[in-house]
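J.: Straight from TrEMBL, here's the annotation block:
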- 439-504: domain 'HTH luxR-type' (DOMAIN)
- 46-65: transmembrane segment (TRANSMEM)
- 77-99: transmembrane segment (TRANSMEM)
- 111-131: transmembrane segment (TRANSMEM)
- 137-157: transmembrane segment (TRANSMEM)
- 169-187: transmembrane segment (TRANSMEM)
- 193-210: transmembrane segment (TRANSMEM)
- 231-249: transmembrane segment (TRANSMEM)
- 269-289: transmembrane segment (TRANSMEM)
- 301-319: transmembrane segment (TRANSMEM)
- 325-344: transmembrane segment (TRANSMEM)
- 356-373: transmembrane segment (TRANSMEM)
- 385-405: transmembrane segment (TRANSMEM)
Amino acid sequence: MGVSPDSGELAFARAGEKTRVLFGAIMRGVKGGGMESKRDGGGSRAGTVAMAVGFFVWYTCSNWVSALTYGASFSFWWLNKSGAVVIVTVLACVVLWRVPVPRRVGRALDWAFAAVYAGSFIVLSGGAGLLEPLGDVVGLLLFAAAQTWMVARWGLCYARSSTDDVTRALLLAIALVAAVKCVTTFLPEAATMALMLALPFLSMGMLALRQRNAGGERPAERWFARSSLPSFGRIVAAVAVFFFIWSILNMTLKYGTGHYSFGTAATPLYTLLSQIILFAFCAFVYVWVFARRRHLDITVVWRFTYVLMALALFMLTAFGMAQFIQAFTGAAVVVAKMFLWLGLANVAHHGPFKPFMVFLPGMLLYSLPDWLGRSAASFLGLESLNPAIASFLLVVAVVMVAFFLPSRSPDVQRLLSDLNDEGRRAIGDGDGIDERCRAVGERRGLSPREIEIMQYLCKGRSRPYIAETLYLSENTVRTHSRRIYGKLDVHNKQELLDLVRGERRA
């Protein structure tokens, strides 16, 4: 293993303590926000936990299938799980678009596909006795069909839930992923397989629980339309490129040194390091969003994942620390998948689209680049990344962070803007916001420029967006914002909105 038993046990104990603390904080937040989320998005404490299990099972089972098929992926360059998912996802979009699924039929199919999911593990582990690559092809197609159905079904629940509920669920899911990976690192493969066989049925049971707790939902405000899709182009490109780079790096490192968390090359300390990064990230996001009531910019989060990726590429080029680097890339991809789900849920929640037509094509942002990256690494036989390739990928990561992720499109700025708003968000354009802001501003002695910035703030616009729209620097907008808050005697955006709403009531 490359680590003494005492040091592994000590690291495992520390990770366990972090898990208990983080679970407690998230669950207290879920319990405390239960009534509001029940009213707002059909959520409840049980429903939020159920959604967490849905993402946890999706991620964990997908990761396990990757582990079972690494050998086949190296032997047959075109054969990997993401390729099967791409094919089945495209077919599923066509079928589900044309053939509506009645509720009773959907519930029956949930359990049928759970059995298919478990069966795919048996086939991929060689239990069906099929020859390669036939056994892997059959197993991957069964897995892809079951997982695609799971995404479509859970996507409906996520789309109907408030952004607060979805965020809490995904933070809890990441903590579950990290905790289970800490445990399975020390389990024999047979015990891990038994756990994996049970997870699809757990997911479908939690789905049934979530559907029973879906009462009291109300329609969400429409922020996005089909015309909004082009404005997401830059962030979509950044997401796809991230997963492509990660896939090449992931396959190459495993080809050359083995996986850091399973198999004979497993190193528990590096596995636990990756999970500690995840625990720290979850704790930071929870405190930032739900304790300090701050806004979460989705482009900043994607920059964070790129920074982890760039750090891994730099260390690979400079020091060649392959398994240590996998700890960073492993943490980065979990965070990336979480925020991919969160962004898709927000678009589905505030858009006119059918949820499966958001989540299934959205999953292609991960599956298609992953398929291409895995296939390229296998086809080219990349046993290691030479400094030239690693440096090129590092430059690509820097370009993405510098030019693609600072997106100031109004639609991108609206993503997650309803997070922790307690049901009270920025006032819309049709609510007379400009007139009411002007009335308040003139009474309190604001300058015309300050009134203009105040109007944008009340519409939920970010400082970078305001700066670009008004041709100002961000520092100038920040200075004006402080003056506005001081003159109006408010301390945050919510108090500003309350003041403007009070002007209308008066």
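Heads up, the Cβ atoms here are built off N, Cα and C, so glycines get one too.
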J.: State the non-local partners of the transmembrane segment (137-157) in its own chain: residues 6+ outside its ends, Cβ under 8 Å from one of its Cβ atoms.
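T.: Apart from its flanks, the transmembrane segment (137-157) reaches 47, 50-51, 54-55, 57-58, 61-62, 65, 68-69, 79-81, 83-85, 87-89, 92, 96, 106, 109-110, 113-114, 116-117, 119-121, 123-124, 128, 130, 200, 203-204, 207, 210-211, 214, 344-345, 348, 355-356, 358-360, 363.
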J.: Any contact between the transmembrane segment (169-187) and the transmembrane segment (77-99)? By contact I mean 3+ C-beta pairs closer than 8 Å, pairs at least 6 apart along the chain.
T.: no
J.: Would you list the DSSP helix, strand and coil counts for the residues of the domain 'HTH luxR-type' (439-504)?
T.: 51 helix, 0 strand, 15 coil
J.: Does the structure show the transmembrane segment (46-65) and the transmembrane segment (356-373) touching, where I'm treating 3 or more Cβ pairs under 8 angstroms (sequence separation 6 or more) as a contact?
T.: no
J.: Do the transmembrane segment (356-373) and the transmembrane segment (269-289) share at least 3 Cβ pairs under 8 Å, sequence separation 6 or more?
T.: no
J.: At a C-beta cut-off of under 8 Å, are there same-chain residues at least 6 beyond the transmembrane segment (325-344) that contact it? List them, or none.
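T.: Residues 55, 59, 155, 158, 163, 166-167, 170-171, 173-174, 177-178, 239, 242-243, 246, 249-250, 253-254, 259-261, 270-271, 273-275, 277-278, 281, 298, 301-302, 304-305, 308-309, 311-312, 315-316, 358-359, 362, 365-366, 415-416 contact the transmembrane segment (325-344) from elsewhere in the chain.
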J.: If we skip the immediate neighbours and take only residues 6+ beyond the ends of the transmembrane segment (77-99), which ones have a Cβ under 8 Å from one of its Cβ atoms?
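T.: That would be 62, 65-66, 69, 133, 136-137, 140-141, 143-145, 147-149, 152, 247, 354, 356-357, 360-361, 363-364, 366-368, 370-371, 374-375, 378-379.
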J.: Determine which residues of the chain contact the transmembrane segment (385-405) at the Cβ level, with the cut-off under 8 Å and only residues 6 or more beyond its ends counted.
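T.: The answer is 234-235, 237-238, 241-242, 245, 248-249, 252, 299, 302-303, 306-307, 309-310, 313-314, 316-317.
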J.: On average, what pLDDT score does this prediction assign to the domain 'HTH luxR-type' (439-504)?
T.: 83
